[in-house]
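Participant: Pulled from TrEMBL, these are the listed features:
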| type | residues | note |
| --- | --- | --- |
| TRANSMEM | 7-29 | transmembrane segment |
| TRANSMEM | 66-87 | transmembrane segment |
| TRANSMEM | 99-120 | transmembrane segment |
| TRANSMEM | 140-160 | transmembrane segment |
């Protein structure tokens, strides 16, 4: 059981770091504009070595930002519950911290999936047609890697929960 919790905790911490880095950096998309390279993230865009704050309140950027922040917050809550699951003392008989951590990681996965899907759909259908020479960049890729890490953290914690439940049921007979 502890190996699943340890593996889940490792995946969750790495996933949360990747979520924060992906959300904070401005290399979600790179493109060529007027002969020079430019790149943009969720908060800023940079052209010719100068960076500018995204002042436009465009719905897909706001939705992507919100879902990425919610994902990082729910992943952090899952990490706290996951660390607390090492201690078996609980005030509630029917509450299992491993199960709660697994659910929080799956919620984090859902939020990051929504963020990435929104950004991908709008970028490919709108911005991809606007710029001829463009590509997704490393901040965007980190978001997808974070999705997988939070998903596997949830899987690990659900396996730990199942092992704990099987031992609890077997011990009560």
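Along the chain as shown, the residues are counted starting at 1.
Each Cβ is built from the backbone N, Cα and C atoms, and glycine gets one as well.
Keep in mind that TrEMBL annotations are predicted by a computer and have not been checked by a curator.
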Participant: For the transmembrane segment (140-160), which recorded stretch in the set 7-29, 66-87, 99-120 gives the largest number of Cβ pairs separated by under 8 Å?
Facilitator: 7-29
Participant: Using a Cβ cut-off of under 8 Å, list the residues of the same chain at least 6 residues beyond the transmembrane segment (99-120) that approach it.
Facilitator: 8, 12, 15, 19, 28, 60, 63-68, 70-72, 74-75, 77-79, 81-82, 85, 140, 143-144, 146-147, 150-151, 153-158, 160-161
Participant: By a Cβ-Cβ criterion of under 8 Å, what residues six or more beyond either terminus of the transmembrane segment (7-29) are in contact with it?
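Facilitator: Same-chain residues near the transmembrane segment (7-29) but 6 or more away: 39-46, 51, 65, 68-69, 71-72, 75-76, 78-79, 82-83, 101-102, 105, 108, 112, 119, 123, 127, 134-140, 142-143, 145-146, 148-150, 152-157, 160.
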